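TrEMBL has this to say about the protein:
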BINDING   B:E134, B:D165, B:Q191, B:E239  divalent metal cation binding site
DOMAIN    B:434-580  domain 'VOC'
BINDING   B:H437, B:H512, B:E588  Mg(2+) binding site
2 protein chains.
Amino acid sequence: MRTSIATVCLSGTLEEKMHACANAGFDGIEIFEQDLLVSPHSPEEIRDLAARLGLSLDLYQPFRDFEGVPEELLAENLYRAEAKFRLMRSLGMDLMLLCSNVGTATIDDDELAAAQLRRLGDLAARYGIRIAYEALAWGTFVNDFEHAMRIVDLADHPNIGTCLDSFHILSRGWNPAGIEKIPAEKIFFVQLADAPQLSMDILSWSRHYRVFPGEGAWELDKFMGHLVRSGYNGPVSLEIFNDVFRQADEERTAVDAMRSLIWLEERTSVHLLETDGPDARYPMQLATLPQVAEPTGFNFAEVKAENTEHVQQLLSQLGFTFRGRHRTKPVQLWTQGQARIIINEQQARGLEPTIAALAFDVEDPLVAASRALQLKATAVPRQSQANEAVLQAVKAPDSTEIFLCEATPDGTAAWTDEFATDGAKRSGQDLITHIDHVNLAQPWQHFDESVLFYESTLSLAPRPSTEVPSPVGLVRSQVMRTEDGNVRLALNIAPLVMEQPGPSAESAYPQHIAFACTDLIALARNAVASGLEFLKIPANYYADLQARFRLAPELLATLQELNLLYDRDETGEFLHFYTATVGSVFFEVVERRSSYDGYGAPNAPVRLSAQYLLSKHG
Amino acid sequence: MRTSIATVCLSGTLEEKMHACANAGFDGIEIFEQDLLVSPHSPEEIRDLAARLGLSLDLYQPFRDFEGVPEELLAENLYRAEAKFRLMRSLGMDLMLLCSNVGTATIDDDELAAAQLRRLGDLAARYGIRIAYEALAWGTFVNDFEHAMRIVDLADHPNIGTCLDSFHILSRGWNPAGIEKIPAEKIFFVQLADAPQLSMDILSWSRHYRVFPGEGAWELDKFMGHLVRSGYNGPVSLEIFNDVFRQADEERTAVDAMRSLIWLEERTSVHLLETDGPDARYPMQLATLPQVAEPTGFNFAEVKAENTEHVQQLLSQLGFTFRGRHRTKPVQLWTQGQARIIINEQQARGLEPTIAALAFDVEDPLVAASRALQLKATAVPRQSQANEAVLQAVKAPDSTEIFLCEATPDGTAAWTDEFATDGAKRSGQDLITHIDHVNLAQPWQHFDESVLFYESTLSLAPRPSTEVPSPVGLVRSQVMRTEDGNVRLALNIAPLVMEQPGPSAESAYPQHIAFACTDLIALARNAVASGLEFLKIPANYYADLQARFRLAPELLATLQELNLLYDRDETGEFLHFYTATVGSVFFEVVERRSSYDGYGAPNAPVRLSAQYLLSKHG
């Protein structure tokens, strides 16, 4: 599949955009006119730069408000078009996008529109240029791709074809199956965009909220299936108008974009296999990726800091066992049940405690790492001594290192042998069984990228996102998880603390590791006895709990005494507590009763507020 | 008019919110339950704090999902309610908001709902509490204020009344005239919100996009008119769910909120005078403000910096005359026609050039200043020597100082006498006639506040806002102007440069003063001759200009030679150019031909891109 992307998707100058597209591995680009107009480089210089970068210049866009107009306006429009054809010749380009008229169309007559397109086609032919006519979802008379195609048919000109854009088709609810009926040679270009399912006017939705395939709500694999069956074999291009992407670093956005296309290509391939069987053949060749099953659990989590004493203390107070130091590095292992925490003081000068790495149990780490790398994850170089396990690792968009480890049937981790057990001391009985979930803060301008990363590389499925009020704004929370719930990752965007523009969202918002336990009350009592700093929960919370759930007075008293939080729904009960925060890390311990499957969402504002008070007033 | 505000409008803890409300001058507050739940303070402590701050606790909210349910659920709901009544007693509160059921209602029967409300009324009466029943716009069975009122009528209980909320009424398009038919004693509470006219689902619109009265699209003065005519005389309260306000400094938001109510009170008074005449009397007393006409022009603009040499040079190259130094301060005056620029090096240690003050010609400066101060503007203390004019000044939300000056018939400014004319030298003929417009960057979290500030204090009217693409994101631009166009102010929100969280929007985005001139080409030639640094416009721009406007070749060549930009519409032509940026300031010179009334919006991306390139690559 040939990949392309419109320059309007990215921030920066045209030059910066082109470098980013080339670096991310795109085959070609669409030149968005505005980007060229504001560029100090001549069309010839842009053409040469594209050649040097190995980028084809696939589409010049947009040309607007051409057809369905009176004759005198048509003459002006042909004048405008010819100026652009000359420009395209300087750029060495041969395909122009023509959007259905939204501004000046006054005549609703397909025959007339077709005749006018034919005249444009004649003019274009003189410059060796073809015109891809596209129905904008808000076109005055033409807003449906099949209508645009009827006009193209009527025009019956070799230089006039159509451009299909998933946004304009799916936002209007048109059935994309009709694509299969279009002759492949008349599909001159294809643009893809995904979008969240918003109920707003289509123009605003289109201009501000498009996202890359896989980051929205649409089944683009099915859309692509229709396209592949039509016999189309040209570029598949991204055209994403998104306020956030316009502000974010263009190199990262381009990688995110490329990842979305690679993943879509695979999903399309899987979709076609399912629907058309293994023997079906199409002109468009679709690449696939190494297949991985969803991870079966957390293998470990790593907390890194120059000084980890306070973190060690918290773990000890939670009943974790110190299992020893690494043979060659300033690294410790603490475990309880299958919960393993690596404490790392290596290369951590000046660093406050932070969640530096997460490790997942996967069937085949090499295959999983290969998949992630093909999906444009950054490799993490490992320095291992002889005889040490070489762990596969990649970097997530938020810089967390993601380790891919072999799951062993007995639940042990092979690499733990590397830790000397001399200093090991056991703190008590193992009430904690495993890591229940991990909550990571995400910079808001890369949130969609993170969701797509974890979904495409690790096969974690996004659940509907929620919003939680905090004293400094709403926190958006997106749970990514495996079907069986053995791996749960919550990605949170923290609000920017606006009046103090210094700290970035990442550093201002703490992250945490939540441990599952079998008896929270017993564990909390042990922790109290060993002096754990609990996050203090206000008395008003318990009064409200009582009003909502009519809890037994003894249970209520115990919850309040131990600073435990409580939730209940039709599936079961949830008890949990939080520790104090050290650096940007805190811990949570949770007990799920019956089949409670949530995260105590009603309690999140209580936690956020208590942490806000602590951070502000100590 | 008694003013109140819901704590959910503001960021911070309940205590911080209460302080902010008291400081802004609110009479009372609504306690939003969530804010109390997460507070470490007991209900009694909150009651005492309110008393100390002189705030009445007007409404406890929300109580949800009560009516239209089967009997067993009703029992639970009464249990929940009684717990809250006990809590309210501790708070010393006597009014609770009940939202129409959106979660658990299964029985669509007004008689049943009324009977259940009656039972709630009986229970509430035992605690001395009244219930204000409100139709949520998305209520399952009750989503219309007149429907809610019919149920209240059926309930026929002294402790059951209604709460009217402008959002829930106007978002659904219900006619607020029906409010006049409601007996005043049955309106227990009134909540006001404004909103931009968005086409999105009502729940998202309500939860994220509400704004303070005057900051949205609704005619709340007419809404208030109906309310006043109903005979209502209770608190008028703000309940604004807004993602940005939730993040912004609560003290500023509270002032913005109070300003919106003061202004609405005045507008309501004016509206009632117009519709009902001067003799109409109502129970609710409405305060008015000192009346001011719109300003008649810019009196001066002030640029401040430690070193203003470069700014002086630019002004000189633009043909400005140095008119002398201030008698007592390190301040200079430069003028051309009626354009006056104050160059200020006073108390500017380390400061790069910035637009520090704008002065407007008004009929009566004392009255205008009094109005601004009553609208919660901050006074600017002036240090004037004997015999110096005392200029009235207040601070705008973006910290720009706003001077209110007396317009003189001959267009001179009295205070210019304070400048010694010894050093004055004349640079050429006056092609510049006056300040055409000023463009100020606004921090995005205070944008609505700024618009309301300039509208309410200076009577500048907001025009529809536009969005301009820049290499680092979309720039939202909001023109505020007088009807006659003599004062034009463009407020821009610059996108945050996300990858470098250091600089705030204000400092990263330059501001400018645009001068009107009678012959831009002549002025540009003079400026070239005197060595002015123009902002360089790329050649590609001129090729596009030619394609769009078919300009005469000589004109096009002149435009390109002089780095002039061009726009045309059915009203006329617009020629303009920009200077280099010094600190955060640059200048523009514009020539309006015929009755062109815009700002060359199609050229703004060209300017932004050229400035981006300069800032990045020099």
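Backbone N, Cα and C define each Cβ position, glycine as well.
Just so you know, TrEMBL annotations are computer predictions that nobody has curated.
Quantities reported herein were computed from a predicted structural model and do not represent experimental measurements.
Checking each of the binding-site residues B:E134, B:D165, B:Q191, B:E239 against B:H437 (Mg(2+) binding site) by C-alpha distance, the shortest gap belongs to B:E239. In the three-state DSSP reading, B:E588 (Mg(2+) binding site) counts as strand. Under a cutoff of 8 A between CB atoms, and with a sequence separation of 6+ in the same chain, the neighbours of B:H512 (Mg(2+) binding site) are B:I355, B:V438, B:N439, B:Y578, B:V585, B:F586, B:F587, B:E588. For the binding-site residues B:E134, B:D165, B:E239, B:E588, the greatest number of Cβ atoms within 10 Å around a candidate Cβ is found at B:E239. Sitting within 8 Å of the Cβ centre of B:H437, B:H512, B:E588, and not among those site residues for Mg(2+), are the Cβ atoms of B:D436, B:V438, B:N439, B:A490, B:I513, B:A514, B:F515, B:F587, B:V590.
Across all of the domain 'VOC' (B:434-580), the predicted model scores a mean pLDDT of 90. DSSP assigns B:E239 (divalent metal cation binding site) to coil, not to a helix or a strand. Long-range Cβ contacts of B:Q191 (divalent metal cation binding site) within its own chain (separation 6+, distance under 8 Å): B:A6, B:E30, B:E134, B:C163, B:L164, B:D165, B:S166, B:F167, B:S237, B:L238, B:E239.
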